[in-house]
Amino acid sequence: MTTRTSLTIVLAAGEGTRMRSSLPKVLHPVAGRPLLAHVLAAAPHGADDKLAVVIGPDHQAVADETKRIRPDAETFVQSERLGTAHAVLAAKQAIARGADELLIAFGDTPLISAETFARLREPLRNGSALVVLGFRAADPTGYGRLVVEGDQLAAIREQADASADELKITLCNAGVMAIDGRIALDVLAQIGNANKKGEYYLTDAVGIMRERGLRASVIETDEDEVRGINTKAQLAEAEAVMQTRLRQAAMTAGVTLISPETIHLAADTRFGKDVTIEQFVVIGPGVSIADGAVIHSFSHIVGASVGSNASVGPYARLRPGTSLGDGAKIGNFVETKAARIDAGAKVNHLTYIGDAHIGEGANIGAGTITCNYDGFNKHRTEIGAGAFIGSNSSLVAPVKIGVGAYVGSGSVVTKNVPDDSLAVERNDQTVRVGWAKRFRETSARARKPKTS
């Protein structure tokens, strides 16, 4: 089959005023990834597929995010908001370069899939000049209705203009569209603004195609996939749908989720085989969990890798830059950041490990702190393989604890400890025999009321 070229234009110029936020609407996250990023990830990616994003003025943050996600993408500014067709023509320069297929999508529909983009293109290869994505709405009120005659799309009728019979139609316009790229620019240029708002509506392209005797088609998807995000409530609804998808995909791949509805995943979370995630775990962006690992309840993991057969939690926090080796253990109330913890090492309780490397098989006692920040700079702590750090120790970085070395409980270590050595830093213990009894007796006498 001959390879066909495509240009996808993603409209992302909306202010999102109903979000009540200074953050551009398309940069709000779902499953740890901006709305726009989900759409760009789903859009065609091949060598013959181009991408353009239309942004609003003063939305440099959106342009920057676009380049981060898809360095190949171009951005164009829609200086005035005069309707969807006007927005598409902001990328006129890209359209004019030519492509077999022009795809138009929206930056606030994070649930759209790559499969839907592929299905949208198929009718163009079979003779259609325009394809509209539709969905069966549970409540079609407010949506444009797709009027179908036989197997062709006859019109998109807005709610205010629909007849009584047309209002009964539940097949609604999702806004996503594909146009034969050879005629796309000519059709878009023909769209006028003779309406109450004086705007240029992309939906008018259907009528133009019909006037030219060209075929317009509809493909359907489920309503969830084309949810647009305009409010924080809709953002939360999309998050819920996305989480259900991610959990289902994880379980299908063999991950055990205990009470899946309580577990939060990120869009880019990667799992190995036979992973178990207990209740109330939050996994943020940039996390990979290898075969056989167990994440216990109430743990929070972001930007970290967990090795095979490792154990995390309960009540553990793994921050960005944490790398947990095979069979290593992070226990309850432990926080790690920018830390490499090698295979078999144990950090079991009440500990902070930051900017550190813990060698294979080392044991870190309860209450140990790596003191990594001096108020200006971060410093590293190196703990050798097989080392033992006693409870309630403070390791003042930069410092190195050698292979097989011991640190006595309660020590404040400020100097390097050689291999197989013992470091103890604390005052000699003083014992005063009978002192406690005398103290109680003296205190009791002092509390007796004085007689007048």
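The backbone N, Cα and C atoms fix where each Cβ goes, and this holds for glycine too.
Taken verbatim from Swiss-Prot:
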ACT_SITE  H349  active site, proton acceptor
BINDING   11-14, K25, Q78, 83-84, G144, E158, N173, N230, R319, K337, Y352, N363  UDP-N-acetyl-alpha-D-glucosamine binding site
BINDING   A366, N372, Y373, S391, S409, R426  acetyl-CoA binding site
REGION    1-232  region 'Pyrophosphorylase'
REGION    233-253  region 'Linker'
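This view paints the features noted in Swiss-Prot onto the structure.
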{"residue": "L11", "record": "UDP-N-acetyl-alpha-D-glucosamine binding site", "CB count, 10 Å": "25"}
{"residue": "K25", "record": "UDP-N-acetyl-alpha-D-glucosamine binding site", "CB count, 10 Å": "27"}
{"residue": "G83", "record": "UDP-N-acetyl-alpha-D-glucosamine binding site", "CB count, 10 Å": "21"}
{"residue": "R319", "record": "UDP-N-acetyl-alpha-D-glucosamine binding site", "CB count, 10 Å": "18"}
{"residue": "H349", "record": "active site, proton acceptor", "CB count, 10 Å": "18"}
{"residue": "Y352", "record": "UDP-N-acetyl-alpha-D-glucosamine binding site", "CB count, 10 Å": "20"}
{"residue": "N372", "record": "acetyl-CoA binding site", "CB count, 10 Å": "23"}
{"residue": "Y373", "record": "acetyl-CoA binding site", "CB count, 10 Å": "12"}
{"residue": "S409", "record": "acetyl-CoA binding site", "CB count, 10 Å": "15"}
{"residue": "R426", "record": "acetyl-CoA binding site", "CB count, 10 Å": "12"}
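Remark: secondary structure over the region 'Linker' (233-253) totals 20 helix, 0 strand, 1 coil, with classes taken from DSSP. Straight-line distance linking the Cα atoms of Y352 (UDP-N-acetyl-alpha-D-glucosamine binding site) and A366 (acetyl-CoA binding site), rounded to a whole number, equals 10 Å. Classification of N372 (acetyl-CoA binding site) by DSSP places it in coil, neither helical nor stranded. Cα distances from G83 (UDP-N-acetyl-alpha-D-glucosamine binding site) to the binding-site residues A366, N372, S391 are smallest for N372.
Closest to N372 (acetyl-CoA binding site) by Cα-Cα distance, out of the recorded positions A13, K25, G144, R319, H349, is R319. Of all the binding-site residues given, namely N173, S391, the one with the smallest number of surrounding CB atoms inside 10 A is S391. Closest to S391 (acetyl-CoA binding site) by Cα-Cα distance, out of the recorded positions L11, N173, R319, H349, is H349. The highest number of surrounding Cβ atoms within 10 Å, among the binding-site residues A13, A366, is found at A13. For K25 (UDP-N-acetyl-alpha-D-glucosamine binding site), the spatially nearest entry among the recorded positions H349, A366, Y373, S409, R426 is Y373, judged by CA separation.
Annotated pair Y373 (acetyl-CoA binding site) and L11 (UDP-N-acetyl-alpha-D-glucosamine binding site), C-alpha to C-alpha distance, rounded: 44 Å.
Annotated pair A13 (UDP-N-acetyl-alpha-D-glucosamine binding site) and A366 (acetyl-CoA binding site), C-alpha to C-alpha distance, rounded: 52 Å.
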